[in-house]
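A quick write-up on the structure given underneath.
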Amino acid sequence: MVENRPYAKFLAYLVLTIGVIIVAFPVYLAVIASTNDSATISNGNMSLLPGDQAGVNYYRTLFQGTARTSGEAVGSMMVNSFIMAMGIAFGKILISILSAFAVVYFNFPFRKTAFWIIFITLMLPVEVRIYPTYKIVADLGMLDTYTGLILPLIASATGTLLFRQFFMTVPDELLEASKIDGAGAFRFFKDTLIPLSITTIAALFVIQFIYGWNQYLWPLLITTKSSMQTVVIGIKKMLTTQDVLTEWQIAMTTAVLAMLPPVLVVIFMQRLFVKGLVETEK
Amino acid sequence: MAGVTLDTVRKIYAGNVEAVKGVSLDIEDGSFCVLVGPSGCGKSTLLRMIAGLETISGGTVKIGDRIVNQIEPADRDIAMVFQNYALYPHMSVYDNMAYGLRNRGTPKDEIEKRVKEAARILAIESFLARKPRQLSGGQRQRVAMGRAIVRKPQVFLFDEPLSNLDAKLRVQMRVEIKRLQKALGVTSIYVTHDQVEAMTLSDKLVVMSGGQIEQVGSPADVYRRPETRFVATFIGSPPMNILPGTVEGPGRVSVGGQSIAVTDMREGLSAGTPVEVGLRPEDVQAGSAGVSALTMDVDFVEELGATQLFHGKVAGAEFVVQASTGQIPADTRRLTLAIDPANVHLFDPQTTKRLGRV
């Protein structure tokens, strides 16, 4: 289609630019704030250019944390968040790829029922089933453990559905060719299905990593020890202080640090995505 | 090497749909057998039962002397070429061919030897490191064949392997498959809906319809002496013309009041018995009067280059005549058709069976 309407084009760019500024400005502000000292931020005279406190702020945040609140170093919170996010991402991929494999390729009694039960859990997000889940995790003595953080969040149907939809597009002849080539169900899964699913796995990994990293309610409930805190909770705790001033420079630095891993995951995985998309056969 | 023997093989799907209704067939060792028929005639189901991809509802399938009903596809000593090739998209051409051998624990150097040999036979040596998506349709087809060859199976099974190729490549690959099969001498079963492929490839042609075998024979036999009206109209292009007629007496039938002589006619048919008279478009001599003749009203002419097809009506029924270009002026409105009595086929209108000499 040939389009030559400079005015419309200009308008489109204008709207997009305004949109980007609205979204990006607060982020920019957080980055700037993380390079200034507490006084500069508090007196409202912070400039829009980076200050000179970056080294101090990032060092303190990562290794010491706020002086007057929880006092937990953000570095260890990030380790907690990372373990939780990775655990959820990998656990979910493993469970959903296996369950989708079972539902699509095996003919067992109540297969449809099994699928629908999995499907129904879509309607039950963590928040809805949070009390029973808490009860179970507490009874199993998994409060303040990584297992307790990870396990309940692994169980949900999104991944299973995603893989199921993908498996349905894999031609039946591939399975039949594998059978004739002497590959059993597990070999077919390992040698053919998983290599073909790489892009789906990457997509699910990105989604689940960010989902895990951004969890707030669940870690808030089951972690009591400050050594088990995740970074999202850490930020929240820094902001609600009593009797003392919020250390905004530390809070902002933490916010910037908390943004980094999801951004890195997206950037890194996007390359794999694109590569996968280009290589995928129609 | 081994032959394949089917004994009243049936396939009944859920809901009591009978896709294959008791097919018995003997395929000799080393021969090329083509199953042909319209879609839904059960030919692919039959092939898949031989491969072990469908369970067999009744009867037995024997490969060599072994009944294979309960044997896994991988252990039946067969290789299959699929319509969409079913190459593993993430594996190189080499790995695609080697995969089956690796799974059965063939030594590495033996795998390499066999893959290289197959690649040489199929002229795909230079693509061994490529992925299937980097190959053209014809090359993928060769890889699919290569994957079958390296197995050194007792039987090759082909499930419409050429239908995804363009017309030119199809002819080329057809010739190659035939040459390869002759060279390797492996029993082959080939499913197609294309009657040209069926005629050219087969030693033994099996025409199927509605889950049953209509006729088995050499391609020439099936063409010259079709046993049913279905076979007569299915094999041959353009299809055989069928005209309504009645028996006049021994060796003579009447079509629309015009009498023609018939060589191959069942004895004892009483005068006045209705019959269907089959005439191939290429067997009718247009424009010259012979022993017996029919007249045809021409509606229009199709140009095919070397030949022309005259479409029209004989005795009220659609009729097509094939003639060499230039033999008859294209603006002819009325044709006289000379009929050789040896080329007239008679069928029973009720049973659709051939009414030939017993």
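Cβ coordinates are placed from backbone N, Cα and C, and glycine is handled just like the others.
TrEMBL annotations: computationally assigned, not manually curated.
Note that this is a predicted model, so its numbers are computed, not measured.
Sequence annotations record features per position, and here TrEMBL assigns transmembrane segment to A:12-33 (among others).
What TrEMBL records for A:78-269 is domain 'ABC transmembrane type-1'.
Sequence annotations record features per position, and here TrEMBL assigns transmembrane segment to A:82-106 (among others). Using a Cβ-Cβ cut-off under 8 Å and counting only residues 6 or more beyond its ends in the same chain, the transmembrane segment (A:82-106) has close neighbours at 114-115, 118, 146, 149-151, 153-164, 166-168, 175, 185, 188-189, 193-194, 197, 201, 204-205, 208-213, 215, 219, 230, 261.
Feature annotation from TrEMBL assigns transmembrane segment to A:113-134 (among others). Residues 99, 102-103, 152-153, 155-158, 160-161, 164, 217-218, 221-222 of the same chain, all 6+ positions outside the transmembrane segment (A:113-134), place their C-beta atoms under 8 angstroms from a C-beta of that stretch.
Under the heading transmembrane segment, TrEMBL lists A:146-167 (among others).
Same-chain residues lying 6 or more positions outside the transmembrane segment (A:188-211) and placing a CB less than 8 Å from one of its CB atoms are 85-86, 88-90, 92-93, 96-97, 101, 105, 153, 158-159, 162-163, 166-167, 170, 174-175, 178-179, 261-262, 265-266, 269, 272-273, 276-277, 280. Sequence annotations record features per position, and here TrEMBL assigns transmembrane segment to A:188-211 (among others).
TrEMBL lists A:248-269 (among others) with the feature transmembrane segment.
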Cβ-Cβ under 8 Å with the transmembrane segment (A:12-33): same-chain residues at least 6 beyond its ends: 41, 46-51, 248-249, 252, 255-256, 259
Intrachain residues whose Cβ lies under 8 Å of the transmembrane segment (A:146-167), provided they are six or more past its termini: 80, 83-84, 87-88, 91-93, 95-97, 99-101, 103-105, 115, 118-122, 125-126, 133, 136-137, 140, 193, 197, 200, 203-204, 207-208, 211-212, 215, 218-219, 222-223, 228, 230
